[in-house]
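Novice: From Swiss-Prot, for reference:
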type	residues	note
BINDING	S121, L122, L123, P124	(6S)-5,6,7,8-tetrahydrofolate binding site
Amino acid sequence: MTHSLRVIFAGTPEFAAAALAAIHEAGFPVPLVLTQPDRPAGRGMKLQASAVKRYAFERGMAVAQPPSLRRAGKYPAEAVAALDLLHATPHDVMVVAAYGLLLPQEVLELPRHGCINIHASLLPRWRGAAPIHRAIEAGDAETGVTLMQMDAGLDTGAMLHEARVAIAPDDTTATLHDKLAAAGARLVVDALVELERTGALAATPQPADGVTYAEKIGKHEAALDWRKPAAALARQVRAFDPFPGGAGTLDGATLKLWAADAVPGRDDAAPGTIVDIGPDGVVIACGEGALRVTQLQKPGGKRLPAREFLAGAPLAVGQRFAPADAA
């Protein structure tokens, strides 16, 4: 099936690529794709294209990669060129998903139907850069995807559609990301079909209550504070998989702790102390309960199940991970 609604797409990572693929496969014309410039990545720090760029290039779509869209910003010449291209490209609506660049008011007002953002939370909860991580870290039972009509604020636009997604007890950011990406892809296609058919989408202002912000994830957040309850640390480990992981310092070496669950603890063990070692994992005392770690990684090594890790790097009951503020 083909459609007449012309969609400019702006996005960068895999989450956005899923939406672009769904829009393209549904038959909507995509005359232009915006994505961030290639970035150094991997051990060799070679320039790598974004997931959105790779998808668009493979299908012969026009791609632009401006470092900014702000005329008065750091890259005015590149911004002007990109804005001129947007003005010259006939389109009806812009779909934005994890693009990573600020859209100035000029861009927000350019499409006939405005700019629609795909946001990975149930707004107004978890506005901001890391909604998937923060939902898991906070212990939310569910999250979802919200389509909103973009305005000048940070994820403050009126809500158009939403899809709810349960957070499973073993969900990591990686697994929940994939669920939300699929939900967002379906949601935006349904919205575009409706927009084409009716000429408008019903918009509901976000409620003033329940606003929370999902701050960007920093590498320093990997450190586990063993004084916290084990349940909170288990959520932290899941929330920060694949980045930045959970981390603990043992005898001067930083170990990555990748998969973990909360188990009953011992009252006589100081937080951070290894209280049990077995084929199912390494059990570490916490401020409340204990954390059973089932996947570990030593510096320069690979992520391994506990049994394989212990075969090459034996640990002992009684060893103690350093406090987070002393690591």
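Just so it is clear, glycine is given a Cβ too, placed from its N, Cα and C backbone atoms.
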Novice: Validating a neighbour-count step here. Other CB atoms within 10 A of the CB of P124 ((6S)-5,6,7,8-tetrahydrofolate binding site): how many?
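Specialist: By my count, 20.
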Novice: By a 10 A CB contact count over all chains shown, which of the binding-site residues listed here is most packed: L122, L123?
Specialist: L123
Novice: Can you give me the residues near the recorded (6S)-5,6,7,8-tetrahydrofolate site, meaning same chain, not S121, L122, L123, P124 themselves, Cβ no more than 8 Å from the center of the site's Cβ atoms?
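Specialist: Those within range, site residues removed, are H119, R125, W126, R127, P131, G144, T146, D155, E162, Q206, G210.
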Novice: Under 8 Å between C-beta atoms and at least six apart in sequence, can you list the same-chain neighbours of S121 ((6S)-5,6,7,8-tetrahydrofolate binding site), or say none if there are none?
Specialist: R127, P131, I132, A135, T143, G144, V145, T146, A214
Novice: Give the helix, strand or coil assignment DSSP yields for L122 ((6S)-5,6,7,8-tetrahydrofolate binding site).
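Specialist: Assignment for L122 ((6S)-5,6,7,8-tetrahydrofolate binding site) reads coil.
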